[in-house]
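Features reported for this protein in Swiss-Prot:
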BINDING   ASN42, ASP76, SER97, LYS98, GLY106, MET107, TYR108, GLY109, LEU110, GLY111, VAL112, LYS113, LYS427  ATP binding site
Amino acid sequence: MSAKEKFTSLSPAEFFKRNPELAGFPNPARALYQTVRELIENSLDATDVHGILPNIKITIDLIDEARQIYKVNVVDNGIGIPPQEVPNAFGRVLYSSKYVNRQTRGMYGLGVKAAVLYSQMHQDKPIEIETSPANSKRIYTFKLKIDINKNEPIIVERGSVENTRGFHGTSVAISIPGDWPKAKSRIYEYIKRTYIITPYAEFIFKDPEGNVTYYPRLTNKIPKPPQEVKPHPYGVDREEIKILINNLKRDYTIKEFLVNEFQSIGDTTADKILELAGLKPNKKVKNLTEEEITRLVETFKKYEDFRSPSADSLSVIGEDLIELGLKKIFNPDFAASITRKPKAYQGHPFIVEAGVAFGGSIPVGEEPIVLRYANKIPLIYDEKSDVIWKVVEELDWKRYGIESDQYQMVVMVHLCSTKIPYKSAGKESIAEVEDIEKEIKNALMEVARKLKQYLSEKRKEQEAKKKLLAYLKYIPEVSRSLATFLASGNKELVSKYQNEISEGLFKLISKKLDLINIEEYRKVYRVDSE
């Protein structure tokens, strides 16, 4: 006789507490990295999205050597958090300000809460928050935990002090078990790669060993922030339609609903859609049956004349900032970038940007250095399972002038979208969506053509220099013959003319070879001859 099955439910907090690896917390090293990452991303979303030049300070301290507990503290100068929202923002899983139809670094309302859950599993210190919204006269402080069964914040302590220093922004400190020696290189790489695409930000990083690294602001130019937009009809399903209807504050007809609640639908398009769906324009939208909602969604999917989704919801890095960051960090001989035009997949707009840096101080390797970004987030882990890596690996770089298997090259790809198709909640690799993969390939080919042109011009220049260097060995003989002819047998004039002609020829070639002086030409000539 079989035992009875016991059925129960889990709160979101309990689920991710039981499955921390799904949120990017499988072990102490990854947990330390993921905590730093989540806090920095929150700080950037609180600054540049709102037109504030970011000043971000990151500190990691070892506070319990025996148990390897680290305290991660990130402070920003962002817009701050309304005090009434702080407990839920840090203590309720799947609660977020980022459930909007625009590009954001965060997506799930999970990140920092996953860090809090992991923290609670291994030690007893609460998360500490200090925040002050812009123009606030108070600085609000909180110490919080998460009630895992109820998925609710537990307020351990709260208070406020007078804001005498005009501070606005947020400070978050989390104590968490970590493995700094194993996480060190990843954390440094994450901050460096973040800095590459945010050269308008200032970062100060103090690690557990006491080392302080300063990343200075290189420009005051901030990319245009994304705007919240209405949903595109091609990207919605039945349940989203029902949510939109339930949230309506006006008693719309079906036609009014389509025109006012969706992008890419005007009066004419609405009439066509309703005719195809067999729905009456004047019927109240809240009276739609389940079957009618299904017909409407199916008509959306079949209709081929929608305008592409608006790109106002997206914020690109921009070609100037990409090249500025690549040049600052890698000091290459050549850097180029491209920002492609907006495209869409499944009704979600997206833009691909690509950059390449070549030569200079870039180390030589068997593979190019690949920098992957999604919504301005560096993707450090799971590189080989990402669609960006796949496209880079499959591209025939020899077509673009890379002739050997030794690469001295950095390849950068940024995908921004209202919905990044991540493979997991850890947000480290992008799935192989056909439309996105094709656009990444087009972007890389376009920027690779710029590299090919540079390499072609460089090779032509090198070949021309070789020819000019070959001419150097004939200068003594040519100058002597010309001097003898011009001097008409006068030995004193022969010597004088020969020196003048020789110097003149050296100077003529110097303009072509870009060497500093004649002695350098002669040195080059001697080395070349040897």
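Glycine is no exception: its Cβ is also placed from the backbone N, Cα and C atoms.
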Kindly assign LEU110 (ATP binding site) to one of the three DSSP-derived states: helix, strand or coil.
coil
Number of Cβ atoms other than its own within 10 Å, given for LYS427 (ATP binding site):
27
Would you count the other CB atoms within 10 A of the CB of ASN42 (ATP binding site), including those on all shown protein chains?
23
Which of the three DSSP-derived classes (helix, strand, coil) applies to LYS427 (ATP binding site)?
coil
